[in-house]
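Enquirer: Quick paste from TrEMBL:
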- B:21-39: transmembrane segment (TRANSMEM)
- B:45-69: transmembrane segment (TRANSMEM)
- B:76-94: transmembrane segment (TRANSMEM)
- B:100-118: transmembrane segment (TRANSMEM)
- B:130-148: transmembrane segment (TRANSMEM)
- B:168-189: transmembrane segment (TRANSMEM)
- B:220-237: transmembrane segment (TRANSMEM)
- B:299-318: transmembrane segment (TRANSMEM)
Amino acid sequence: MTLHSDSILQVHGLSKSFSGVNALDDVQLNLHRGEVHALMGENGAGKSTFMKILIGLLTPDAGEILFEGNELKNNDVNDVLKQGISMIHQEILIVPELTVAQNIFLGRESTQWFSSWLNDRDINQQAETLLQQIGLEVSPKTKMKYLSVAEMQMVEIAKAISNNAKVIIMDEPTSAISDKEVATLFAIIKDLKAKGVSVIYISHKMDEIYQIADTITVLRDGKYIGTKSAAELDRKSLITMMVGREINTLFPEKSSSKGEVVLSVKNLNERGKFDNISFDVHAGEVVGIAGLMGAGRTEIARAIFGLDTFSSGEIVLKGHKINIKSPCDAIKNGIGYVSEDRKGVGFIPALSVKHNITLASLSNHTKWGMIQDKSESAVATQMINDLKIKASGMDQKVTHLSGGNQQKVVIGKVLLASPEIVILDEPTRGIDIGAKFEIYKLINELTTKGIAMVVISSELPEILGMSDRIVVLSKGKQTALLSKEEATQETIMKYAMQH
Amino acid sequence: MNNYFTQLGNSTKQRARGMGQYGIFIAFVMICLILSLITPKFLTVSNWTIIVTQVSINALLAFGVTFVIITGGIDLSLGSMVAVTGIVASLLAHPDDYPVIVPVLAGLLAGVFMGAFNGTIITKSKVPPFIVTLGTMTIGRGLALILSKGRPVSNLSDSFNFIGGGSIFGVPFPIIVLIVAFVVCSVVLKKTILGRYIYAIGGNEQAAKASGIRVNKVKMAVYTICGGLAALAGILLTSRITTGQPNAGAGFELDAIAAAIIGGTSTSGGTGTMTGTLIGALLIGVISNGLDLLNVTSYYQQVVMGAIIIGAVVLDGWNQSAAQR
């Protein structure tokens with residue numbers, strides 16, 4: 001690890017409040033040249049607000065930002081960009097119908113003939129050089145929409161480099177890319193570092209932080225908690241800094257016993273998605289599904305739940321073959337599904353916590369089509385308490401909740417439909433460590449009640465920590481069905497990469 | 001302490017949410033106030049009876065299209081449905097032909113059928129509602145011309161003409177229809193499972209589907225209800241002008257959509273209320289009545305109306321971003 005003495009960005013006493021609530025309170029940061037600086041904290045700790053201020057999207061209430069010794073003040077996004085601070089957003093901002101080169105030089109097009117005629121040849125050449133520099137093998141003339149998420153991210157990095165960025169902020173850059181692509185990304189980050197570019201790296205994934213970060217700054221509830229060198233800070237202390245208390249074991253002890261087979265998936269096929277998938281799930285058991293991005297995990301879950309179709313195979317529920325054509329059929333048969341895509345398939349932002357939570361079981365609270373408000377409110381209140389959902393009240397809109405609480409609302413909705421099987425697809429994606437722990441506890445509570453669980457996850461420690469048995473997929477094929485004793489990170493990875 | 005904050009949070013949230021609806025209500029009251037100061041004829045029982053009677057047809061259409069817009073759809077065929085249902089009813093409403101219930105039921109049935117047709121095409125074909133109903137708008141107009149052979153259908157029975165022209169205890173019948181329709185639509189939207197599903201689908205169709213809601217069924221219901229309400233409007237109009245006109249209702253869909261939007265229904269779906277739509281329809285009626293009383297020609301009235309539609313949406317946008325900040 002190399003620590004450079006000269007700092008490029010210094011932040012002191014930064015504060016920002018929204019309608020009386022402190023989002024940031026006296027926050028500081030000292031970023032050195034050529035350093036990868038991880039910014040950590042639970043959801044709602046103030047990381048996004050902090051970054052939005054840095055790139056000029058928000059104006060701080062107090063505090064100063066020194067960039068290369070000069071104060072950055074009253075800057076808008078364009079000024080900040082020109083000075084050399086770029087941000088790669090979690091949700092990538094691109095124009096799909098334009099080419100790679102056109103996206104990189106969007107707003108800075110090269111022109112000729114009285115700056116009115118576009119010079120695409122020039123930007124294609126420049127883009128070519130940039131893409132070579134970061135080792136991305138796509139033509140600058142390819143339309144952006146044909147790229148994978150990881151490639152799009154690389155293009156964004158190329159764009160930042162072409163902007164002469166001295167500081168690049170990366171917000172959860174690995175949330176949607178595969179392990180192999182993560183390796184490429186890290187190689188690029190190391191390369192940037194060697195060239196003296198500083199990176200502010202935001203992520204919830206501990207493994208990554210320790211792989212890539214030199215320094216770690218932790219925020220909690222909008223306050224600055226501390227900055228430590230990554231080498232000196234062990235995981236346990238980092239978690240303690242983030243949550244403000246100690247979490248000894250992330251995965252709680254299980255006490256459930258295995259019952260009858262509830263769900264059998266037999267030779268499930270869908271052309272181009274998955275091939276010959278078979279597994280059983282017993283009452284009180286957790287079956288994990290592991291595999292790399294694109295291995296077909298989510299596709300299988302969606303097919304079982306009736307969101308997508310499958311071409312052949314059987315789904316057997318307690319010995320009876322069932323025919324599921326829509327999620328409505330699945331719910332009636334006692335299957336619940338919590339999607340990986342919380343925003344897209346999970347909750348309805350414009351509806352309140354109460355209305356979201358009762359949505360899948362609303363017919364239990366109606367008389368002649370009229371909703372019985374009392375009984376609806378009663379079960380909603382009960383579920384909000386059971387799952388410890390933090391909301392200002394059950395009439396608060398779900399949009400205003402944190403990621404972890406939104407996830408709990410979706411889980412609550414599924415549970416109110418009294419399922420016997422619950423499929424959780426990436427249940428802890430993008431939520432903070434405290435909420436993760438609560439979801440793990442909840443999974444154990446549900447298995448104790450005899451519910452059969454299927455947990456899909458990209459995080460191997462999570463799969464290993466929670467599952468009784470693990471189905472491993474590779475490119476749509478089932479390559480292993482491991483027992484808890486057989487399963488290690490290495491064996492899972494071996495089967496996940498098997499062809 | 002904890003409780004106190006929870007309550008505080010609740011009350012400020014509710015206030016912020018209510019502002020959008022109150023905003024249009026306040027605008028409505030202020031316009032009424034100004035008009036009553038300028039012209040003494042405005043704030044009289046007889047003038048208001050005229051306003052509400054005139055508004056009733058647009059309001060019925062607006063209620064129907066509010067359901068549709070909340071699901072994230074649109075219905076451009078409203079005006080044509082008014083014409084077809086009016087023609088169907090009037091063809092059966094000649095004196096001594098049938099009892100009055102026959103033309104009324106036939107008209108309603110025609111509307112329900114056309115609405116269900118819209119719903120079927122939209123849910124089965126995945127073609128956007130805008131395009132489907134643009135098509136059925138033209139089809140409907142053609143049907144009205146075919147059924148009437150292109151000529152107005154006159155000589156209607158007295159009992160049929162009572163629907164749009166009569167009154168009970170001094171209250172014009174259209175106003176009674178309006179009030180009943182408003183109460184029923186509000187209850188359906190706010191208190192029934194169908195209403196909740198309508199909001200859910202407009203808010204996030206994928207999530208609604210994953211919650212076990214039969215999305216296509218709900219959409220079918222919504223377009224069918226919209227057709228039924230359009231039929232009610234068509235029958236009222238035909239009865240009031242005592243003639244079935246194949247060209248009746250042209251452009252009515254735009255006024256109805258405008259009423260819903262002025263009343264706070266978002267065209268992106270998921271939000272809207274019947275009260276808002278009713279106020280939106282009343283606002284349009286009051287302004288056109290006020291401009292009439294002030295002898296402003298109808299040419300200028302159109303300019304004013306357009307400006308109000310844009311203004312209402314701009315204000316709503318400001319309100320919403322203020323609530324978020």
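Counting starts with 1 at the first residue shown.
Including glycine, each Cβ sits where the backbone N, Cα and C put it.
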Enquirer: Answer yes if the transmembrane segment (B:168-189) and the transmembrane segment (B:45-69) have at least three CB pairs under 8 Å among residue pairs 6 or more apart in sequence, and no otherwise.
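Expert: Checked: the transmembrane segment (B:168-189) vs the transmembrane segment (B:45-69), in contact.
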Enquirer: At a threshold of under 8 Å on Cβ distances, which of B:21-39, B:76-94, B:100-118, B:220-237, B:299-318 pairs most often with the transmembrane segment (B:45-69)?
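Expert: Going through each listed stretch, the top one turns out to be B:220-237.
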Enquirer: So which of B:21-39, B:76-94, B:100-118, B:299-318 is most in touch with the transmembrane segment (B:130-148), counting Cβ pairs under 8 Å?
Expert: B:76-94
Enquirer: Ranking B:76-94, B:100-118, B:220-237, B:299-318 by Cβ pairs under 8 Å to the transmembrane segment (B:21-39), which is first?
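Expert: Out of the listed stretches, B:299-318 contacts the transmembrane segment (B:21-39) most.
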Enquirer: Sort out the residues at least 6 away from either end of the transmembrane segment (B:76-94), same chain, that have Cβ-Cβ distances under 8 Å to it, and list them.
Expert: 57, 61, 64-65, 100, 102-104, 106-108, 110-111, 114-115, 118, 130, 133-134, 136-141, 143-144, 147-148, 153, 155-157, 160, 226-227, 230-231, 233-235, 237-239, 243-253, 256
